[in-house]
Structures are given as C-alpha cells and as structure tokens.
C-alpha cells in the first residue's frame, strides 16, 4: 500500500466505526515509517510501522479510500478498494441521498428508511422495471424480482428470493412488495386471463394482513416484527400464468403468547379484536380492554403510535373473507382467541406444596364456555399430572409454578394449532392439489421471509433455533457466491487460484450432528425427570474439549449457560426453559378434554392437527440410546427435531432453485427517518454476510471492465500515436482493441498478476482501479495545465495591450481631475472648520444649560423633602391633639346623647297630639263634603283605609312607648340625682300625654264604627252611586269647571292629610324604634322613617287596590295553596323558578301601588313559610328540597336591589324616597333571612350526608385505608356528582354554586380537625400520610369546579403535615412553627401529645418541644385542647357578595293554576 502525502484513507473510530482522514506526513528514518493523519473531526493521529504490506500485524494502519467517482456506486463490487469502511461509506452516502437500495454483487442491500416512500412501489415503478435487465436501472427490489421472473421464464428453472435481516430492518415489507410485483406480472393479453389474475393477485396479497395479524408483534426493535419464518411459493404454469400459491411456516414464537417483555406486545390479532369487534359480540365473548388481561398487559402501553386497531381489524377480516373464511368461521376463531385471553386470567391458589383451582373460578368458566369444554376436567389437569407406568397410572399434584406452566402450555398449544390450521386453510384456497396431477404447475418462485440473526442479553431456545437457521442460510450463501465467482472465471477462461473463505460447518455440526446439541436436547427432553441443569452438564462434558471447543465454550461463572461461536458473533444462551420449550406438549388429560369439545371450529382445528401428525412421518433414529426405554422413542418428535427437519427441507428446496438475495439493514435503533448509525450498520453487515461476500470477492478479481469501457476510460494513459487511430475507428477488429488494452496495461501496471484478460472483460485485483484512476487523474491534470497555460497566455497578452491603451487615455483625465479635486477639497475643508466651530459652541452652551437645570431640580427636590418632613411632623402633632380632644370629649358627648334622647321622646308625644287634632278637623270637613256629594264616596273610602293604617301605626307606637319607658327606667338608676329629677319631670309630662293618646284611641274607635256604617250605606246606595258615576263620566266629557275644581280640591286636601300624618307619626315612631334597637345616634344623623303606605292616587286602579288590600286572601293562597304544595321531585327546567316568580309578581304590584305595609307583611309570611318548609324537610329530601328553595329564595334580594335601582334612576318625590327606603330594608332583611335559612340547612344537610356516606370515617378511619377505601370514595364521589347535578338542575347561579362548595369544605375542615384530635386514639406519620392522601383525593374532585380549594381545608391539611414531618429537636420545630399559621399552639400541642411512634425504632416527640408549647400556651392564655367550634355566623360568609346577577331569569312564565287571586292581580296590574 502507498501512503503518500495527500492520500485519502479511513481510520478506526470508536463512535463512528470509521472516520475519513488524509495523510499529512510520511517520513522514513531508522527503518521505521512515521505517518501523520489529520482526521475529519480535526484530530491528528501519529502512526509508526515497519511495513505497509501486512495489515494483520499492524491493525492500527489506515485503510485506503476510493476515489470520489466510485464512492456512491450502485454496486459495491465495483469499488476499487473493497474494504469495510468503503462498503459502509458507499451505503451511507446512497442512503443519505434517498437511495435505500445498493447492489453487492448478487446481493441487494436494502436500508430501512423508516419513512413513507410509496413512490418507490407504485404501479408505474412496477412497469418501469418490468422486462428490464438488472443493471439497466437503479438498484431496486423490483429489479431482483424481475431477474428471478426472467430466469424462470427463459431458463425454465425454479427461483427463490431470500429476504433476511434483523428485526425492524424491513423484511416483511420487502417480501410484501415482491409478492405484489409477482402477482402483478401478466404475460397473457386475453381478458379471461386478466380476470383470473386479478382474483389470484387479491388472494395472494390478502395473505399478508392475515399472517401479520396472527404472526407479527411489537418488539423493542420493531413495531411489526415477524415472529415466525415464512416461505411463500407462487406457482406458474407453462404460459407463466399464476396458478396458485403455497405457504410454509417455520418456528412460530409460542412463548410470546404468554409472556411479553416491557414495551413489547402480544400478537396483533388480540388487540385488533379487543378494539374492532362490535360491542354486542364483545359482550358475548366477555371482552373488555387489553389492560384487563394477563396475556396483553405485561408489556405496558398496549397502543402503537399511528396504528388504528379497529381499522386493522377490518383489513384482517376482509382478508379472511377473501381467502374463503366466512363470517361464522371468523367468529369461531375470535371465540377461541377470547378463550385464550380468559385462560391467561385464571387464578390459582397456592398452598405450601400444591396448587388448587376451583372449577367455579370465573375466568375458567368463561374460557371453557367459549372453547366448549368441561370446566371440571380442564381445571383438574391444570393442577395435576399423570405418570403412566407399565402397570398403572399415577396422578400427582403440581406445585404453583408447575401449574402456571401447565396453564400457559395449554394456551400455547391452542394458539399454535390455530395458526397451523389457518395456514392450511389459506393453502387450500390458494392452491388446488389437482393442479399437480394435471401438470398445470410448471415452475414456481419462492419468497423466504425469515428471521435474522438475533443476539440479546438473555438468549433462549427461540434464539438458538433462529441462529441455527441463519448458520445454514449463511453456509448456502457463501457456497453460492463462491460458485458464481468460479463460473465467471471459467467462462472468461482466465487463470485463477482457489479462494479460501470462512466455513461455518463446525458450528453447524455442533448443532445438528447425531451427538450434537439438538440430539442431546431431544434425549434429555424424552426423560421424565429431564431438566435444564442436567442437559447443561451433558453439554459441558460432551463439547468443552477439542475439537468442538473451537465453537463451543463454557462461561467463566455459572452452570446454566453455554456459548456458541456463530459466524457473526459469539452468543451466550441460558439453558432455562430449553427442555420445556423443546417438549412443546400438553398433558394427555387436556388432550382428552379438548377432544370432547362442542365448539365446531375448535374441533376442526384439533382434527387438522391429527391430520398433520398422520401426514408427517416419524423421525427414525436408529442410533441406540443407553438407559432409554424403547417406548420413549416412539413418542411424538420434539420441537427441535421438527425444526431441524423442516429446515433441512427448506435448504433442499433452496438448493434446487436459483437463489436471489436481499439483505435488509436497520440503519438506527430509534426508528428515526433517514438517520444512519455506523456502528449498528457495521454489525448487521457482518451478521448478514455482506462483508464476507466482499472478502471472497477481494480474494479473486473483484473489479471487471469490458474492453470498450476500458478503452474509453483509460486511452489517455498511452501516447497519442497509439490511440489516435483506434479511438475514432468504429470498424476496428476485436484483436486490435485487445492489443491496445494490453498496451495500456503494460504502460501502467508492472505486475501482470494484478490483472487478467478474459474473453470479454479485463479482471483486476483489489485496488487496481483506484491506481488507474489516480494515473488518469494525473494525466488529465497535466493536459489541463498545458491547455490552461496556452489559453491564459493569449488572454493576458490581449488584456495587456488593451490596458496600456486605456492607461494613456485615462492619465490626462485623471491629472485634470486631481487638480479639481484638490481645489474642491481645500474649499470644503475651510467650510467644515467654520461649521465645526459653530456646532461645538452650540453643544457646549446646551450642555451648560442642561447641567444648570439638573442642579436646580436637585436643589428643589432636597428642599421639598425637608419641607415635607417638617409638615408631616406638624400634622402628627395636630393628629395627636385631635385624638386627645376626642377622647376627652367622649364623656360629655355621652351625657349629651342621654339628654337628647329624652327630649326626642317628649317631642314625639307633642307631635302626636298636634297630628290628632289636625286629623279631627280634616275628617269633619271630609264627612261634610261626602254628605253633600254622594258621588265622592270612593274618595271617602280611601280615607277610611288610611285610618286603618293609622290605627296600626298608633298601636305600634303605643308598644314602642311602653318599651322605651321601661328602658328609661332602667337607665335612670345610672344617672346622677340632679339629672334624674329632670328625667322624672319629663316622664311625668309624658305620662300625661299618654293618657291623652288613650282618649284619642277611643275617638279613633268611634271613627271605625262610623266607617262600618258608611260601608252599609254604600251597599244600600250602590245603584245611586252607579248612576252618579255615569253622570260624572258625561260631565267629565263636557268638562264643567265647577265640579272638576271641587273634585281636585278634595283630592288635594286628602293628600295633604296623608302627608301630615305620615310625616308626624313616621318621625315619632322611627325615633322610638331607633332608640330601642340602636340607642341614640350622633347629632345630625338621618332618622330612619317609619314604614307607611304611599298610595298614588293618580295611577291607582280601584279594583286592583281592593284586591291588594285583602292581604289575608292572597297571602294564604300563596303560602298554603301553592308554596306548601310544591312537589320538588316533579320540578323540571321550565318551572324551577315558579315560586319566586309568584312572590316577586305580588310584591312588585304592592310596591308599585304604594302598599308597603301589605308588602312587608306578605314577605314576612312567605319567608316564614319557606323557612318552615326547609326546616321540616325529611332527611331523604334535604338536598333536593333545600337547594330548590334556596335557588328561589336567593333571587329575592336581587329582585329588591333591581327595583331599588329602577326607583333611584327615576328620581321622584317623597313617596319614591319612602319606597327606596323600604326596598333597601327589604333587600337587607331578606339577605339576613336567607343567610339564616342557608346556614341552618347546610348544617342539617352536612350532618345527614356525613351519616349517610360516612365522610369522616372514610377520611380518618385507619381500618378503611387497607380495606374498602376505594369503594367508599367511589360512593362519596357519586354523592358529590349527584349534589353538583342537583345544583345545576335547579339553576343555582355560579357564584352561589361556588359558595355552597366552599362552605361545604369549611364544614368538612372543622369536623375532620375536631374528630382528628378527639376521636383518634393515637397518631403517627403513617396515619398522617394516609389521611393526607385521602384529603388529596377529596381536593382532586373539587379543584376542577372551584378555585382555592386548599384554603378551605387549611387546618386539617396543616394537621396531617405536622404528623408527617420528622422533628428531632426544638430548633427544627421553631423553624417550622411559623408555617403552621392556621393552628394555634394549643391545637399543635393536642396533635403532638397524641403522636405515637409507628415503628419500634422510631423516636417520639421530644419533651423539649412539648415544654416549649406549654410555655407558649401559658404565656398567651390559650385554652386546651384547642378544639375549633362550628360557628356558622363566623365560618360562613354572607350571601350578599354572591347574589349579584341579572334578575331576568325570575320573570319567566310560571304556572299560576289554583292561584285565582294572584292571577287576577297579575291581570289587573298589566292593565
């Protein structure tokens, strides 16, 4: 090898495998070569060696790199330097350019793109490669398929396409597209043939989804990994028309059915039926989801990204229908698969030595029902085994682990039998045996999709068989490649020597010899007491010695492993499970149970197994076994022997056909699109034999060129006189071309052993093409240099002449320009200096002004600060003086208020007397006018109604006076003697006034009697009044001025009477009432007026007023006839707010007509009624009834506020102001009543709910933590969801909704905390952890519905956090003490006193902490034990902040059926 400076080469790299580099130094002194390489990553490597020829002695020497023209070649055998890095780089370069296929001689290397490349397999691509030679187009698997098809057509020989590679490399997809290509090839042009071809194509392609569903699974390396080998034969007749197809399968991975490692899955079909079956069928088969079954939930995540299992199920069932399996048979298959899932869920009980299984076990019953077998016998043979001797049958019990193995063996037996039956049914559909008898099948093309070499951390029986199959295929591949090389050399008649290549025959002999691994495994499997350990010891004694120890070895540690040196890598196998997997059998008892099945599909499957056993001849083993009875050799063959036999048959088929190879490569383990992992690809190239093929090619003549190609490429390497007459003469004979090629070779290559000239080609040893390319490049460089020299000389001569001419013309122009430029520069310089002077002066002046301004601002700020400090001190002094004056004047103001209260009482009495006298005078005038004008009887009636209200006010005033007198008498004892005498004098005068008031009361009673007489008179003269009213209407139409003026004056007088009485009596009564309730206020404070009617004469309706005055009528109708008869359970969305609509309608009418007294009494009666209804609700209706009435009652304050807003907007006279005062009182009073009803109901409801669902026991009871906690919480969450639904149903507004939830949590917080410190005998950190976990579950339900859940539970949360914290000393406790802000020291002490260590080794609460808490409590005078009381007035906020919403919702139409008076009021009010 030559390593001149500048030579490109490859150097080993730990992360990339190989990295490119360039020789930057090559020195030789003292017999040693000193090389220096600069790698592509910038690193420099120094190498010292004595020779460049022997690479084995110098493993660190770099490897020469191919010229760039050859690096992305589509055939690796054309590389000049055929070495490992050259092959890897060529594949990588093509892959990164989107070219996933590369030839390596007869092998097609296919790199998985992990991306959608559907354009590579379209119908147009199939047509492009049809009838084309392999080397005409880019590498493609269609080219391999076309080559196989053409070989079959022209050479009349059977073909085989071997697709191999590791899991995830794309074998299954490649095989699928090859099948599609063969199924799409059509030679016949007749219409009948096209129809038949379409049907066959569909059936052949339909086998793919079926085989993938039942034989593929998700693994860590591949989402769709084939877990079995498959050999598909597409059969052709003499006219190359597809006549059918046959499928052979090899070694289905049965263990995957019962065990899947993490992140892996069971076979796809189980997940497809669980997602795709209709719900009625799933219920019939008792199926739910993959996580519910042991056979599908071991791998974790059951879903595959981007895969719709329901859609895959549809594809699978359609494919089954296409190959002749009807819907009923499919349902039978799914029933068997469902039975397998239920078998995996069978649970056995474990005793000390045995396992037991009841025939009543639920999963057992379901599985036996689906399979149509007897549950008793099936359960029996799961936990028992039968040993047959010459004289008797012995039944023994199995231990728990053996019973599990027996259960899983049954499942594996059923699934493998189902898989074989499915393959046989597909073959019956795709292939008619009569075709062979009628000689219709002329040839076939086989597609072998088989597992690649596998090497995991733990390798078992499946990996052993897979690697054994790959050893056989690799041996056949090497022999095939060597055979092709020999044929090429013989055909070209060149001299060649025998090529040595690594033969893996010793490894194959180790496995399959008569005393090989498989034979010893079969021998041990046939022994009843055979075990994995015994078999391992036999392997060590048989093979751990020469010559077998070259391919077999024993690990340094352990007695349960052995190592086999395969062609790819040494693999360490675990012997555990080999014997059981090799036996692959179920008990005779289970077979007898299965034979009695009533499931027709299951019976067909078992019958098919018997036919397979009858058709397969038993393996004849003539070798005499020592210590093995003859009867044992007559048992059924083991799985290993069957696999060995089927593999031998497969190799026989392959050897009888012309083989084409496709090696699939997995470029990265993460399955990322278009990413290339060098180390991973290198390991696969070694494992699949590509590098071995290249080594065989390198041993011969890997590079070959035809004579014409060689001449066209390298003619430049000879003298012009030799190639000028040959290159342009197309009729030149072959001998002249060959002689010219010999001339080129003689002139360039001195060693004739480096090449051979054949009949049509020239063959080169490895590296010769690179050498010729280097010579050609150097020659081309020399020629280019000569051409460039001549062209550049001509170019620069012309350029020089043109330049000189231009220079002469430009010099004169430039000189004149320079003068002008110099003058212009001097002028501009002078101007610039002047301009700079002015600008700099301006800058300096501005800078000076800015500095002065900033200094002034700073001075102002400082002065302002000093003045403000002085003013603040003065204000503080003034404030202190004011506070002192207020404190000193408090006593004097108290005396003043006492005197003022007495004077107001006297003034009230005087005003009452004056009002009474004024009323008598006005009453007499009204009576005289009523006698003169009978048609004015209506106005008199209104005055009488006003008397009624006045009497009521007088009675209330009398009561107030009595109470005030008592109050004054109690206060006199505290007044000094001088003041007491003054008070007694005032009281005596006031008593005189009282006596006068009593006289006034008697006179009012007389007036009432007169009123009754007037009513009687009204009834007698009704006809007269009617006629007068008609006359009045007529007179009104004519508008007589005299009568109109008289009526108007009468109305004005009546209004004046009402105003005077209202003002006098209102002021008096309100003062008395205010004194009674709140005491005397500050002087000048506004006095609240007394509630009176403010009837509006101008807008009143006599009929409506008469109805509204009859308070008892409609009050009883609403309360007794409507509210108490509401059935909450029958309330729907249309009449949820019916009660509040009725109430607000009546109140609105009363307020609008000025009947404030009637409105107040009506509201009081309604509120009392609702309160009694809520308080008397039975326990089972507490939630529904309470929420219904609270939802309605909460609208009443909002209604009052809305009405108040309307009156405030309208402004108005004194009557409107009185109405506003009433509405304000109505809003406040209804809020208080609502708060009272709400608080009482909430406590009652929570007590009932707590007793019903055991909330506090659920959270705090330690026994529930391990037993029925989940069930209890499910009950709690069901209750809370129902509670939430009821709130929504009865249209509780969002703000009130949130308040109810918050108050509920506050109640729970108080009760849980009190129960924690009173009912729990002992506390520890485990208990605190469990309580905290339960509280978190409670919080998780409330958090999506309200904000700030945790502050409502702060006490109980902090209490359990205290239990969970480990506090070892007082310093730690002091650091944490401030974080428990919601608890006082007494409460913390109560919790810590109850703390008991959970374990023996755990320390209790240090005494210094308890002593510290005791001192804090003593210092702050706190009471023990710190129990929090449920004070609803303090704990539950007022509803006032939660009832701000639009009242339009209460104006909905409600059913007023049965409310005659209310309906009439509504009707008249609307008029």
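Think of each number as a place in line: the chain as shown, counted from 1.
Glycine is treated like the rest: Cβ placed from N, Cα and C.
A quick note: this is a predicted structure, and the numbers were derived from the prediction, not measured.
Annotation source Swiss-Prot lists domain 'Myosin motor' at 71-777, citing sequence analysis. According to Swiss-Prot, the ATP binding site annotation covers 165, 166, 167, 168, 169, 170, 171, 172. Taken from Swiss-Prot, the feature region 'Actin-binding' applies to 647-669. Taken from Swiss-Prot, the feature domain 'IQ 1' covers 781-801. Residues or ranges marked as domain 'IQ 2' by Swiss-Prot: 804-824. According to Swiss-Prot, the domain 'IQ 4' annotation covers 876-898, on the basis of sequence analysis. According to Swiss-Prot, the feature domain 'IQ 5' maps to 899-928. Swiss-Prot lists 938-1063 with the feature coiled coil. Among the features that Swiss-Prot reports, domain 'Dilute' is placed at 1164-1419, with the record citing sequence analysis.
Feature map: annotations from Swiss-Prot on the structure.
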residue: 165; record: ATP binding site; contacts (Cβ under 8 Å, 6+ apart): 110, 171, 452, 663, 664, 665, 666, 684, 688
residue: 166; record: ATP binding site; contacts (Cβ under 8 Å, 6+ apart): 221, 452, 453, 454, 664, 666, 684, 687
residue: 167; record: ATP binding site; contacts (Cβ under 8 Å, 6+ apart): 219, 221, 222, 225, 226, 451, 452, 454, 666
residue: 168; record: ATP binding site; contacts (Cβ under 8 Å, 6+ apart): 112, 219, 221, 222, 225, 666, 671
residue: 169; record: ATP binding site; contacts (Cβ under 8 Å, 6+ apart): 110, 112, 452, 664, 665, 666, 684
residue: 170; record: ATP binding site; contacts (Cβ under 8 Å, 6+ apart): 110, 112, 664, 666
residue: 172; record: ATP binding site; contacts (Cβ under 8 Å, 6+ apart): 212, 216, 224, 226, 449
Number of Cβ atoms other than its own within 10 Å, given for residue 171 (ATP binding site): 28
- request: For the domain 'IQ 2' (804-824), give the DSSP counts of helix residues, strand residues and coil residues.
  value: 21 helix, 0 strand, 0 coil
Query: Under DSSP, is residue 167 (ATP binding site) helix, strand or coil?
result: coil
Field: Neighbours of 165, 166, 167, 168, 169, 170, 171, 172 excl. site residues, C-beta within 8 Å of centre, ATP
entry: 112, 222, 225, 452, 664, 666
- line: The mean pLDDT across the domain 'IQ 1' (781-801) is 93
Statement: Taking DSSP helix as H, G and I and strand as E and B, the domain 'IQ 5' (899-928) has 30 helix, 0 strand, 0 coil
